[in-house]
Amino acid sequence: MGLCFPCPAESAPPSPSPEEKREKLAEAAERRQKEAATRGILDIQSVEAKKKKKEQLEKQMATSGPPTAGGLRWTVS
């Protein structure tokens, strides 16, 4: 009897500081986001390579500017 409560001499275990809690929560959130981003993808590297290639093509199109006036012409005779 009487063993339901801890000894009064024992103190509660120290809780982590708010900064440590914040860091752990941020790490957990980043891990969840990373897992959610790769869910359902078997080959992550190929998807990333395709994304980089697409970005490079878009960048190249943006830097090339509008087409010149020497393009195709429509003539009606």
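Yeah, the Cβs are placed from backbone N, Cα and C, and that goes for glycine too.
According to Swiss-Prot:
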| type | residues | note |
| --- | --- | --- |
| REGION | 1-77 | region 'Disordered' |
| LIPID | Cys4 | S-palmitoyl cysteine |
| LIPID | Cys7 | S-palmitoyl cysteine |
| COMPBIAS | 18-37 | compositional bias 'Basic and acidic residues' |
| REGION | 21-33 | region 'VCP/p97-interacting motif (VIM)' |
| MOD_RES | Ser46 | phosphoserine |
Ask   = Are there residues at least 6 beyond the ends of the compositional bias 'Basic and acidic residues' (18-37) whose Cβ is under 8 Å from a Cβ of it, and what are they?
value = none
Note = Cβ-Cβ distance under 8 Å, sequence separation of 6 or more, same chain as the residue listed as 'phosphoserine'; the residues meeting this, in order, are none
Query = Can you count the other CB atoms that lie within 10 A of the CB of Cys4 (S-palmitoyl cysteine)?
reply = 5
Message = For the region 'VCP/p97-interacting motif (VIM)' (21-33), report the average pLDDT of the model, please.
response = 96
